[in-house]
Amino acid sequence: MAASSTATRLSPPRLHAPTTPSPHLPLRRSRFSPLRAAKLEAVLTIGTHLIPHPRKAETGGEDAFFVNGDDGGVFAVADGVSGWAEKDVNPALFSRELMAHTSTFLKDEEVNHDPQLLLMKAHAATTSVGSATVIIAMLEKTGILKIASVGDCGLKVIRKGQVMFSTCPQEHYFDCPYQLSSEAIGQTYLDALVCTVNLMEGDMIVSGSDGFFDNIFDQEIVSVISESPGVDEAAKALAELARKHSVDVTFDSPYSMEARSRGFDVPSWKKFIGGKLIGGKMDDITVIVAQVKAVMIPDDEGVDEEKGQGDEQGSAVAVASSEQKEDSITT
């Protein structure tokens, strides 16, 4: 059965324009282009951090992710299902290839900012044996974030110090999430949870694999975000905190709390003496932190006219692109 839904519109898109100059001051002419109409577009500034499972550090773990700064910005996380190792299959191969194809098909005109369609194309092209949970998020220039997710990779939006949106994990039963697979019995893009969220300038997006969200609470995420000077620092700090919790046998983690709520616990004799299922969950930990920013984009009108005025504007655009564009696949 397909599990597709759309999130409620949370707020109208709002991108703040710069303050209007005083009428008593002369207008300053841009040194890059003639005065003309301009528009605001939403873009993502993205930071990432990955920490493999302690026992998989030498191989890099089974998580993979993809980040691209073109247009508004795109990122994706895939978590290879470790159970395939019992069949002598490297679980990392499927997740890595899936992310590689996500990068390739992002440039396909047919995708056109549709993460579910991108998921379909990337999955269809993946030939490695295995399976993975996955989430893809794409920001349109209007500030609309489109999400497609299969399984228990997650995403949260933080606005003004509060979590105002979270994806919901999909699972067959506890600890058995939906997953894209090389086998016919697995899920497909039609089973994806599809969400649309209207974002505002300054909103923070935190996404990652279940190894991250199983070991950290919302209030900790909000606290780290508020204390971090940038997205790179935030992603690293969040991953390190989740890693610390994951190896702490006394930490009552979100994972252990969920397990107890589903009926999993220590034997009765341990309960009798006050024992309970507790501790973090060791796993690969992938964290992506993105901040929504508004950039002023000149209107297309008059572009041809400017091309004859020298190379200065082209250089400015090239510098902006090199600072904003990030296109990578990391495992």
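Backbone N, Cα and C define each Cβ position, glycine as well.
It should be emphasised that the depicted structure is a prediction, and the values quoted were computed from it without experimental measurement.
Features as listed in Swiss-Prot:
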type    : residues        : note
REGION  : 1-29            : region 'Disordered'
DOMAIN  : 48-292          : domain 'PPM-type phosphatase'
BINDING : D79, G80        : Mn(2+) 1 binding site
BINDING : D79, D210, D283 : Mn(2+) 2 binding site
REGION  : 300-331         : region 'Disordered'
Secondary structure of D283 (Mn(2+) 2 binding site) (DSSP, helix/strand/coil): coil
Listed binding-site residues (D79, D210, D283), ranked by Cβ neighbours within 10 Å, top entry: D79
D210 (Mn(2+) 2 binding site) and G80 (Mn(2+) 1 binding site), distance between Cα atoms, whole Å: 11
Whole-number Å value for how far D79 (Mn(2+) 1 binding site) lies from D283 (Mn(2+) 2 binding site) (Cα to Cα): 10
Residues close to Mn(2+) 2 site centre defined by D79, D210, D283, Cβ within 8 Å: D63, T133, D152, C153, S209, G211, F212, D214, D284, I285, T286
For G80 (Mn(2+) 1 binding site), the three-state class that DSSP assigns: strand
Segment-level pLDDT (mean, integer) for the domain 'PPM-type phosphatase' (48-292): 95
Neighbour tally for G80 (Mn(2+) 1 binding site), based on other Cβ positions within 10 Å of its Cβ: 31
